[in-house]
Amino acid sequence: TQVPISVCSAECWKGYRRVLTGAHVCCFNCEACPAGTYVDINDLFNCKPCEIHQWSLPESDACLNRTVEYLAWNDITSVVLTITSVITLLLTVATAGLFLLNLNTPVVKSAGGKTCLLMLSSLACASCSVFGHFGVPTAVGCAFLRELFCLSFTICLSCVAVRSFQIVCIFKMSGKLPKAYEFWTKNNGPHVFILVSSAIGFFISLLRIVLDRPVPTENYSISPDKIVLECSGTQSVGSAMETGYVGLLSFLCFAFSYMGKDLPANYNEAKCVTFSLLLYLVSWLGFYTTYAVYKGKYTPAFNIVAVLASVLGIFGGYFMPKCYIILLKPQLNTAAHFQNCIQMYTTKKSDH
């Protein structure tokens with residue numbers, strides 16, 4: 001009274017496709033679909049790939065949407081870095097105000113006078129560049145924030161190099177090469193150097209924006225179940241040119257500071273500049289090393305740490321000792337004290 005049932009192969013489990021073993025469609029083996037694919041109920045013989053914004057585990061009969069990741073503003077890491085950035089910015093602004101009030105004192109004059117205000121302004125701009133790394137990457141942020149830091153730091157290092165070279169000229173070259181020193185001072189050598197070196201940095205940044213502009217991208221290769229939003233071009237020819245140029249200015253700063261390592265203590269910045277540049281070098285080496293082994297939502301955080309370490313290195317090594325003298329050791333911030341240091345240096349040199 002019943003029609004007999006003929007079964008060649010049992011039904012496959014979910015996530016398994018049918019592989020024919022003979023001429024009849026009812027005879028088949030079952031094969032698990034790999035990760036990133038699934039079996040559609042309407043096509044039991046093929047494993048279909050998931051869409052680029054989806055993922056699946058092995059033996060799946062459906063795909064899931066990938067999780068979109070980026071360094072959000074409310075992330076605990078972002079909160080800590082934002083507070084640090086704001087403190088750094090406030091410190092540079094407060095120091096600029098302190099130097100402006102004491103612009104005619106010996107300590108500020110020996111540090112570079114009005115040039116210090118330019119340095120602090122550039123450090124403040126570099127500090128502001130970190131805020132664009134939080135949240136969803138934007139076209140403006142990707143294109144200009146890295147350039148803002150590089151240009152700001154270029155201006156700051158140019159000022160440090162000029163100040164160190166100026167001091168070396170006054171104490172060591174004015175007597176040996178009087179014509180060269182006279183040409184340097186009469187033709188506004190310091191201002192020309194800062195302007196030219198900053199213009200070169202600006203040209204490099206402009207060239208990178210025109211030829212190799214970083215843009216917001218969706219990185220699908222970091223993790224099979226995640227989409228990481230980031231800026232392209234972190235490791236590119238343009239980025240290498242910017243880093244190399246800043247490295248060249250850092251070398252000039254170190255060279256000129258080292259040449260003045262035996263100058264009076266009030267004019268000797270060798271230790272401070274060396275510490276600042278060493279911190280800068282270590283921070284960016286650390287960032288690029290980390291970027292080579294890790295790419296994810298916290299990559300911008302490592303970039304921010306490198307930027308803040310560079311800014312705080314210059315600020316702590318160059319400006320903090322002078323703030324200490326202005327605020328806590330005013331007896332050292334007098335013309336008599338500086339003249340005494342110069343006389344002791346001159347006497348020591350004449351004895352040798």
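Along the chain as shown, residues are numbered 1 onward.
Keep in mind that glycine also has a Cβ here, set from the backbone N, Cα and C atoms.
Keep in mind that TrEMBL annotations are predicted by a computer and have not been checked by a curator.
Taken from TrEMBL, the feature domain 'G-protein coupled receptors family 3 profile' covers 77-342.
Taken from TrEMBL, the feature transmembrane segment applies to 79-103 (among others). Outside the transmembrane segment (79-103) by six or more residues, the chain places 73, 109, 111, 113-114, 116-117, 120-121, 123-124, 127-128, 130-131, 134, 301, 304-305, 308, 311-312, 315, 319, 322-323, 326-327, 333 with a CB less than 8 A from a CB of the stretch.
Same-chain residues lying 6+ beyond the ends of the transmembrane segment (115-136) with a Cβ under 8 Å from its Cβ atoms: 70-73, 78, 81-82, 85, 88-89, 92-93, 95-96, 99-100, 108, 144-146, 148-149, 152-153, 155-156, 159-160, 162-163, 190, 194, 216, 229, 300-301, 303-304, 307-308, 310-311, 314-315, 318-319. The transmembrane segment annotation in TrEMBL covers 115-136 (among others).
Sequence-distant contacts of the transmembrane segment (148-171), counting only residues of its own chain at least 6 positions beyond either end whose CB sits under 8 Å from a CB of the stretch, comprise 110-112, 115-116, 118-119, 122-123, 125-126, 128-129, 181, 184, 190, 193-194, 197-198, 200-202, 204-205, 242, 245-246, 249-250, 252-253, 256-257, 259-260, 263, 267, 269, 273, 307, 310, 314, 318, 345. What TrEMBL lists as transmembrane segment is 148-171 (among others).
Annotation source TrEMBL lists transmembrane segment at 192-211 (among others).
Residues annotated as transmembrane segment in TrEMBL: 243-260 (among others).
As annotated by TrEMBL, transmembrane segment applies to 272-294 (among others).
The transmembrane segment annotation in TrEMBL covers 300-320 (among others).
Each residue in the domain 'G-protein coupled receptors family 3 profile' (77-342) has a pLDDT score, and their mean in this model is 83.
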